[in-house]
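What follows is a short report on a single structure.
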């Protein structure tokens, strides 16, 4: 009944694994594999399964299910994985609102959850949990980096985001480090596809730059319309609208745009190079940041498994918290609230042959921590 | 006993026996799945009152479902944070109080919506009810106080005196009892003078008016009652998932409730129960087989509507159309 | 400067209205002639956009893509009419809602199966790139002006088609008395297929035009579908004129609400609060307008027949 991909299907040989604990571990992966947001979930899943496959660890069993980007369905699948499949660990959720639906209940049932993408502020501060590890970022982080970077060149920025919690986290994060004045602050409708009205406001506002957080199709629509509008004021954003999953759809309109992320395909370290190579070889496309974060999540789990059994929760959590793995992001460690301490880079969209991709142009923050860790009692 | 009554009894027994067996076998997830069937069936039973008996095709019942859910979520959150709601009234984790509040609020909101919407008929009624649900949906997404799009988590399932609701089986039994009581109420309403007037209004509103009964009032009462039942189901759904979010208000949810009724058999007592059983099973089984499950779900739904008129119960009871 | 902004926003409202009209015209025509509620209309919009993006990517020509969008949407429309929709005409609205809801699931996942999970690229044709100056010192995007022009042309064309041609005469006859035209020997099932394909083609055309401005991805049709229903209900179902007026109302109210509400609220409350509450109210606005109109005119502004 379940899509169980026993890792043994593609395991190479046990000899390469060098595993101390041979007890099987079951990981539940809930991610978005159908509907408009499926691209992100597919990148997440592909990187995760590839990392497990490369490790040759035959004791890892994956249970992968599609949440169709619906919170209620995600909750139902989580219940099934916890009560039915009796998974030891869970991961995979892409969207903040789905994470908010699943994570609090999962960790309350003593299941360890590792977030490969979303990082809502509500889970980073007072409601942090010993069973919750965020391997990606806290939602504010990329926006904070761009706010910091904007100080170099801009004094009057126009900022916009969708009118929902992650959107407010985004603009709060940007404003936390941005020192100039605001030419305008606009919250758009969730799922909005036409930004003519907002672009007209930008044109009239006298801004010297635009910062936007519009994930998925919203950002693609905004960039295409903005490029055609003739406004011409420089645009900045977090990586979500400029990553490998959406760049082909945005096209040349994205060229030259500065965006912030914790990783980029050109990042100079061995783990990252090896990851990009093997992902390209396996799937014949460049990995996105979602793939990178998911790859790290898988490798973090593997590193902890080599030290402790997943059944021994306390030892396993300690092993996870040590973050003793080779991250594609270079330096990576966990803060007290079990959210990352990592560098955040500023990247620029460039063309590599025919393919649009990113290259790093600056480091906005070194070993950056989120703003909520102090409220966490861990 | 007619053939349909026998089938109804069998369905009720099946719905009760499955989770009991699953609990005995140590498979608590199937108890949760059955609870989901029960709660969705309850929500659709509410709609069935307006739609099946009264012929009022509401495409906005998600509004009441969501309201019930948010009542549970908001009261529980205030109790959890020990903050008073308004004017010193505390939140609560007591299910009876939450249920009552959910039912009352859903009814109060349904009253003005009904008064305005019932001025229209046919597709206009379908669309104006949708419009009201969409208003509430967008409000829920953009209103920051209770989580916006992220929704609200209920950290510990609310409590019912004498029942350990945190365990799947007792919570299932509580929901099952509510469903059976509501189905009884549905049967009583159907057989009452009000029920006859409602069904007469569906078939011919003008004739009803001619004998001195205003169909508007009949419809309004049915609409409000229907919203109250669906609101009740919303509160149960919130506690089942221990989460509420704006997607409970979305037009997909309204559509799903209609789908449940048609799948089972419109206007039939156990139609929503049969519909919910089929739908949840399909979603679960197909979702486990392929990531293209929505494609096959669509094909199956299409097949049912084209070739099994009268829904599952129509097919089983051998009477394609419910009189 | 404010006048220029106002003109620009009015044009934006008009352009949104024109797009909605292309969607709504087909919906209202199908409802008027066949009495069918088609929830899958948004999927035909999506198919148009996918077809245009695919052909434009393969040939490098947006214009060929546009033709492909018409052909693909009309083709798929005719196909589902013959295979599915035809069996629904004598059913009640409920069965139609369920069947076309199922079609959405099938077409969305089907499109993802064929075209993949990542959004597709579709750009504005080079001839229509850039912006033109507006009176009052503003600028306006050329492509959006072209969309407005195309929309007006389609509206005029539809008017001529329905009032002047033989097909139009049959459509009008079909709207007022279905049995009669069958008795007069018109091949009614072919007429229905043609009307459905025509509505589908308009939706696909709209999808292709908008696809160049937006993200071409699965599920793109659903928000537009709901708006198009709002339009035809405001306008009066079955009335092309109503669809045109309703589309303009929705387009302008939605755009102006998003633009003006936050700044109006800012006069009475702190700016940060005004932007979020303003955005919340703006997203509810068209539904409020629709409920108000229906409360006073329960069959819309231009009810075709009682």
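Cβ coordinates are placed from backbone N, Cα and C, and glycine is handled just like the others.
The model shown is predicted, which means the values in this text are computed figures rather than measured ones.
The transmembrane segment annotation in TrEMBL covers C:16-37, C:44-64, C:70-89, C:101-122, C:142-162, C:183-213, C:225-253, C:274-296.
Across the candidate stretches C:70-89, C:101-122, C:142-162, C:225-253, C:274-296, the maximum count of CB pairs under 8 A to the transmembrane segment (C:183-213) is reached by C:70-89. Beyond its flanks by at least six residues, the transmembrane segment (C:225-253) meets 10, 13-21, 23-25, 27-29, 31-32, 39, 41-42, 45, 155, 158-159, 162, 175, 285-287, 289-290, 293-294, 299-305 of its own chain at Cβ-Cβ distances under 8 Å.
Spatially, the transmembrane segment (C:101-122) is adjacent to the transmembrane segment (C:44-64); three or more Cβ-Cβ distances between them are under 8 Å for residues at least 6 apart in sequence. Sequence-remote contacts of a segment are chain residues at least 6 beyond its ends whose Cβ falls under 8 Å from one of its Cβ atoms, and for the transmembrane segment (C:274-296) they are 227, 230, 233-234, 249-250, 253-254, 257-258, 261-266, 268. Listed by sequence, the residues of this chain that lie at least six past the ends of the transmembrane segment (C:44-64) yet keep a Cβ under 8 A from its Cβ atoms are 23, 26, 70-73, 76-77, 107-108, 111, 114-115, 120-125, 199-200, 203-208, 210-212, 216, 218-221, 224-225.
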